[in-house]
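Visitor: Submitted below is the structure of interest, expressed as structure tokens.
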Amino acid sequence: MNFPWDQLLVKGNWMITMAQIGAPFLVIGLIAVITYFKLWKYLYKEWFTSVDHKKIGIMYLICAVLMFVRGGIDALLIRAQLTVPDNKFLESNHYNEIFSTHGVIMIIFMAMPFIFGLWNIVVPLQIGARDVAFPVLNNVSFWLFFAGMILFNLSFIIGGSPAAGWTNYAPLAGEFSPGPGVNYYLIAIQISGLGTLATGINFFVTILRCKTPTMKFMQMPMFTVTTFITTLIVILAFPPLTVALALMTTDRIFDTAFFTVAHGGMPMLWANFFWVWGHPEVYIVILPAFGIYSEIIPTFARKRLFGHQSMVWATAGIAFLSFLVWVHHFFTMGNGALINSFFSISTMLIGIPTGVKLFNWLLTLYKGRITFESPMLFSLAFIPNFLLGGVTGVMLAMASADYQYHNTYFLVAHFHYTLVTGVVFACLAGLIFWYPKMMGYKLNETLNKWCFWFFMIGFNVCFLPQFILGLDGMPRRLYTYMPSDGWFLLNLISTIGALLMAIGFLFLVVSIVYSHFKSPREATGDNWDGLGRTLEWTTASAIPPKYNFAITPDWNDYDTFVDMKEHGRHYLDNHNYKDIHMPNNTPVGFWIGIFMTIGGFFLIFETVIPALICLFGIFGTMIYRSFQIDHGYHIPAAEVAETEARLREARIKEREAVSHES
């Protein structure tokens, strides 16, 4: 075994050197805090090995917020470099590494875990399930994601980050990118992608088989509908990515030639593989985001969602078309007029079902009794901003015009107007909206609104000038420019906008910390002044009981809970409760994640034997699990009755208080 020790440390960059010095102290400090407060046993037994979908969801969200910080720092470094002409703040290769990792982190390790966290917390509650279909697999999926996240972030201080862009095109990512950087990209995304594929299968089966029997597909809440359709995209889109990553890994480590022209390979094969996954990936994160908006807008408009069935069909239409547009990402690569024309038309067609959704949200708002809580503000801001992203997308869909726009900042502005307003706004809105369901108290609304205004205004100040920069010819991925180019003022404005966005995010962090100590606790579960419309608001707050529902709820309309409250009925009346069967926690996912992290690290540095040993460790863990006799455990009926009685008493007090105020 010849480990390449000479590649381990990145040298010659003061910023990376500071990170290399600071990272060990950060890890030691974290270990010291956990040890001092004697939290190791608690964390291992209650969180790391938990199969409770709600706790797994919270772990996803914690990781997503941390990756938001990391990706945001990358973005600020990019803007700092481009603020003034001929800047020497970053050298070219380091700049390439930063924009490459920024894209991967924000899409793979921020947006997706944010969405998966909300899936885990909300979807089983919305369909009346006690857990997901495969609780152990859910735990394994999280740790696979976590292993990929850790590996990818190690690249900054050990070995060097990938510098071939988030698309990692061959041959740039092949013979022109020596060292472990691209290997980090391939292995980390491969491991995380396996967890994503498992999550997609898990939630597909959960929604199909674990929903309450009286709930029909067209009666499901829109967040659950968009989740179900998204799982189909995950199941169909991730295998091509898995194959592509595996092929490029063998090219780099075992000297095959799938993407190397000199030996008969096809670099364009990578582009097709990548975007067959890459464009559906956009809808993997944006369709659940549409589902979030479809929950928030009716809640704070105090109206039924307009055109529920058309929203379902529009979601299905977008999912179908998402697999027919991938070539628009490389119109400029010589496909020919006929192929470009087909994919140009199919790209424009996506605007039709998306337009249906936009009009339905607007008609839901029409004559509604709207209140402007912070989740609603994000949802309202999404509509006009996303529309701008969509209109510029149609401009880019015109293949002939795309030759002018494609490699400029016009494209950068376009996809940020779609992904930030479509996904990031939704993630922040969803986090605030369902935060009481996780923690039992609302985040401070004043701080939330400061977060919204800084983030939304900063976003437009940052990215609107980039449309003009693109039309003025500024290429994307450019690490510096000359004063004579005339781009200084717009780049300065763009950087100011990025700083405003960072301040907005800091307000959210302050809100989380402040609310932990100051916000009043709520036990009733229907936390937004009794405006909840779906099943999750019928359960207790502060991580609902492990069993979620003491009895199987009835559900015959997507607004059933509103009807029940109007008629004074709820699910918490006295019942003859029975013992409830639940799955046991398991360490399997945690140890598979550890083996994956260690094995992946050795494979990144092309040291195969230790990686194989870790692979045997993974198989051994799986064999150990297969021979376990684990029948789970039962929550006694008396304990269920006591828990439900407390919740019923809290609900009665809430209704009495509301009646007294009125």
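Cβ coordinates are placed from backbone N, Cα and C, and glycine is handled just like the others.
Sharing the features that Swiss-Prot gives for it:
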type	residues	note
BINDING	HIS102, HIS416	Fe(II)-heme a binding site
BINDING	HIS279, TYR283, HIS328, HIS329	Cu cation binding site
BINDING	HIS414	heme a3 binding site
TRANSMEM	14-34	transmembrane segment
TRANSMEM	58-78	transmembrane segment
TRANSMEM	103-123	transmembrane segment
TRANSMEM	187-207	transmembrane segment
TRANSMEM	228-248	transmembrane segment
TRANSMEM	273-293	transmembrane segment
TRANSMEM	311-331	transmembrane segment
TRANSMEM	336-356	transmembrane segment
TRANSMEM	376-396	transmembrane segment
TRANSMEM	415-435	transmembrane segment
TRANSMEM	493-513	transmembrane segment
TRANSMEM	587-604	transmembrane segment
Visitor: Where among 58-78, 273-293, 311-331, 415-435, 587-604 do we find the most Cβ pairs under 8 Å to the transmembrane segment (493-513)?
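Guide: Answer is 58-78, with the largest number of Cβ pairs below 8 Å.
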Visitor: If you count Cβ pairs under 8 Å, which stretch among 187-207, 228-248, 273-293, 336-356, 376-396 touches the transmembrane segment (587-604) the most?
Guide: 187-207
Visitor: Run the contact check on the transmembrane segment (273-293) against the transmembrane segment (415-435): 3 or more C-beta pairs under 8 Å, excluding pairs closer than 6 in sequence.
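Guide: Answer yes, regions in contact.
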Visitor: Quick one: Cα separation, HIS329 (Cu cation binding site) versus HIS416 (Fe(II)-heme a binding site), in Å?
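Guide: Taking the Cα atoms only, HIS329 (Cu cation binding site) lies 15 Å from HIS416 (Fe(II)-heme a binding site).
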Visitor: Six or more residues out from either end of the transmembrane segment (228-248), which same-chain residues have a Cβ under 8 Å from its Cβ atoms?
Guide: 168, 170, 173-174, 182, 186, 189-190, 193-194, 196-197, 199-201, 203-204, 207-208, 220, 256, 258-259, 270, 273-274, 276-278, 280-281, 283-284, 287-288, 315-316, 319, 322-323
Visitor: Are the transmembrane segment (103-123) and the transmembrane segment (415-435) near each other by the rule of at least 3 C-beta pairs under 8 angstroms (pairs 6 or more apart)?
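Guide: In contact, yes.
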Visitor: Using Cα coordinates, what distance in whole Å links HIS102 (Fe(II)-heme a binding site) and the residue listed as 'heme a3 binding site'?
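Guide: Counting only the Cα atoms, the answer is 17 Å.
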Visitor: Ranking 14-34, 103-123, 187-207, 376-396 by the number of C-beta pairs under 8 Å to the transmembrane segment (336-356), which range is first?
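Guide: The stretch I would name here is 376-396.
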Visitor: So if I exclude everything within five residues of the ends of the transmembrane segment (103-123), which remaining residues of that chain have a CB under 8 angstroms from its CBs? That is, six or more out.
Guide: 53-54, 56-61, 63-64, 67-68, 70-71, 74, 132, 138, 145, 148-149, 152-153, 162, 165-167, 185, 189, 192, 196, 199, 203, 206-207, 223-224, 227, 281, 284-285, 288-289, 292, 419, 423-424, 427, 430-431, 434, 437-438, 536
